[in-house]
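The block underneath contains the structure these notes are about, expressed in structure tokens.
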Amino acid sequence: MWSMEVLLPLMAVGALAGFLAGLLGIGGGMVVVPIVLWLLDQQQIGGAHAQHLALGTSFAVMVFTTFSGALAQHRKGAVRWDVVKRMAPAMVAGGLIGSAVSSYLPTRGLQIFFIVFAYAVAVQTLLRFKPKPSRQLPGTGGLTATGGLFGLLSSWVGIGGGSLSVPFMLYCNVPPHQAVGTSSGLAWPMAVSGAVGYLVSGWSVAGLPEGAFGFWYLPAVAVLAACTVLFAPLGVKTAHRLPPDALKTAFGILLLLIASQMLWKWWMA
């Protein structure tokens, strides 16, 4: 049984991840992965597989988080399911293809490309950049191609699709609340495909700690998922109380944090 010194930080991070997922249409992995790595280190388990366990656990938690967030957004009428149906299958396929070929690509170059992109979008968002009023979402072919591209990029640079899909929809004049809500709808199939991938890839790996199911660390999944599911609807409720510009500002700040975190990892690698 974990001590309160371990359990309380885990629950707090789960609550934060769920709240952010509901508020901004993301998966919450940027806060879940570090806490799982800390947990494994505290228990002195994981060893060489710690990073894979942290990522697999994060995806498993996101399955519950994103479902809760998407359901709450759907009840608010904020999910553009017509967009989700066109983008989600291609995002999943792009993610799977990207994972399969990632070892052949210059990952560091792709990461720095995304870092520059994220900083640029964040600055534009915070400075209240407004796209041309005539700009609209593309048709079925364009949405499918965009979804596939986002799936590839997500798998190559290790970020969730929401970091790409929300700016894209804002650029196409989708109202901020719908952009975040639709991103929540897109996040769930991406989380499922990622979780299944880590389950399968870790299934026959020897030396995993007790409680591991593939690369899912089930004790952490149980605690984190319970907290994220409870707090994702609260994030959705908060998002819909915010004016559109405030929601865009919050997303711009999030992009700055993600880009800075990636830049730090890139610099230290």
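Placed from the backbone N, Cα and C atoms, the Cβ positions cover glycine too.
Automatic prediction, not curation, is the source of TrEMBL annotations.
The structure displayed is predicted, hence computed values, not measured ones.
These features come from TrEMBL:
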type	residues	note
TRANSMEM	12-40	transmembrane segment
TRANSMEM	52-72	transmembrane segment
TRANSMEM	87-105	transmembrane segment
TRANSMEM	112-129	transmembrane segment
TRANSMEM	149-174	transmembrane segment
TRANSMEM	186-208	transmembrane segment
TRANSMEM	214-234	transmembrane segment
TRANSMEM	246-267	transmembrane segment
*Result, the transmembrane segment (112-129) in contact with the transmembrane segment (52-72) (3+ CB pairs under 8 Å)*: no
_Tertiary contacts of the transmembrane segment (87-105), as residues 6+ beyond its ends and Cβ separation under 8 Å_ = 143-156, 161, 165, 185-186, 189-190, 193-194, 197
*State the residues, same chain only, that lie 6 or more residues beyond the ends of the transmembrane segment (149-174) and have a CB under 8 A from a CB inside it; answer 'none' if no residue qualifies.*
24-27, 29-30, 62, 80, 83, 87, 90-99, 102, 105, 107, 110-111, 113-114, 118, 121, 125, 131, 133, 135-138, 180, 182-184, 186-187, 190, 248, 251, 254-255, 258, 262
*Selected stretch (most C-beta pairs under 8 A with the transmembrane segment (186-208)) from 12-40, 112-129, 214-234, 246-267*: 214-234
*Leading stretch by Cβ pairs under 8 Å, where the reference is the transmembrane segment (12-40) and the options are 112-129, 214-234, 246-267*: 214-234
